[in-house]
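Per Swiss-Prot, the feature site 'Important for acyl-CoA specificity' maps to Gly111. Annotated active site, acyl-thioester intermediate per Swiss-Prot: Cys142, in sequence order, evidence recorded as sequence analysis. The substrate binding site annotation in Swiss-Prot covers Lys163, Ser192, Arg249 and rests on sequence analysis. Summarising the annotation, Swiss-Prot assigns site 'Important for substrate specificity' to Ser192. Summarising the annotation, Swiss-Prot assigns active site, proton acceptor to His235. Taken from Swiss-Prot, the feature active site applies to Glu237.
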Amino acid sequence: MPIRVPDELPAVNFLRNENVFVMTSSRAKTQEIRPLKVLVLNLMPKKIETENQFLRLLSNSPLQIDIQLLRIDSRESKNTPAEHLNNFYCDFDDIQNDNFDGLIVTGAPLGLVDFCDVVYWPQIARVIEWAKEHVTSTLFVCWAVQAALNILYGIPKMTRKEKLSGVYSHQTLQPHALLTRGFDETFLAPHSRYADFPVDVIRQYTDLDILVESEQAGAYLFASKDKRLAFVTGHPEYDALTLAGEFFRDYDAGLDPAVPVNYFPDDNPELAPKASWRSHGHLLFVNWLNYYVYQITPYDLRRMNPTLD
């Protein structure tokens, strides 16, 4: 799917170097196609790196996707130039009256922070409530899953004693579900979180369908029956070296982090890791875009007919 982004966005050249099909806004205007409008609420500190990761997964299908980047934290960023944020991100007030085919809410490094202490918690809640009336389908990733479960279902924050970090085996529970179409019976996916998502809690306190679980990582992929909500508790968007970067960051800070599970060859951080989850990540996002967004969204976004209570 050619992703439609501003001509000057750094991700354009980065992804083209990987032979990813990126269509600039100027070229897209020459095609008489109604693109899917996807809003990405990027909560990660290294925003450019996260943009590259998610845009890569949104890029592999024949339809156009018009990407809009959203921020809700007005504080000065330590990891992303202000010029980049000003040029490529919108504020919520800019889009609150608009409708979108899809919304992606990324993770955030807030695993040990109480919800009440998250500076932009009111803004997160506002976006999630707004999406009920303005977005066809929303995909929550990692920490955003925990936030959404609290806001939508009243589930309190659950935290692991030790950080879950590594590449874990997962089991597909519903291979014929639309979101898992084409999934292997077992596959690998990376996790990096303190958040805990016990399968029994999801089943007891929500009406969500658990599609994939992991013996070590708990519930991995679950969704609402009307396809308007999807939750992935891991990081299928991660690059091969993302977990390594987190490990060495914490090691250099004197935090004595555990070596990520099933990641470095022979568990040796001096050896370069390889991505073993890339095909799964692409398939997950293609399925979400096709079955949860494209197949159910109205052609005219002014005629949204939300069914989410």
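Placed from the backbone N, Cα and C atoms, the Cβ positions cover glycine too.
These numbers come from a predicted model, not from an experiment.
All features noted in Swiss-Prot, drawn onto the structure.
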residue : record                                    : Cβ within 10 Å
Gly111  : site 'Important for acyl-CoA specificity' : 19
Cys142  : active site, acyl-thioester intermediate  : 27
Lys163  : substrate binding site                    : 20
Ser192  : substrate binding site                    : 20
His235  : active site, proton acceptor              : 22
Glu237  : active site                               : 28
Arg249  : substrate binding site                    : 11
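Separation of the C-alpha atoms of Ser192 (substrate binding site) and Glu237 (active site): 12 Å, rounded to the nearest whole number. Gly111 (site 'Important for acyl-CoA specificity') has its Cα within 10 Å of the Cα of these recorded positions: Lys163, taken from Lys163, His235, Arg249. Across the structure, Arg249 (substrate binding site) and His235 (active site, proton acceptor) place their CA atoms 18 angstrom apart. Binding-site extent for substrate: residues Lys163, Ser192, Arg249, maximum pairwise Cα distance 15 Å (rounded to the nearest whole number).
Highlighted in sequence order, Ser165, Leu243, Glu246, Phe247, Asp250, Pro257, Pro260 have their Cβ within 8 Å of the centre of the Cβ atoms of Lys163, Ser192, Arg249, the residues recorded for substrate, and are not part of that set.
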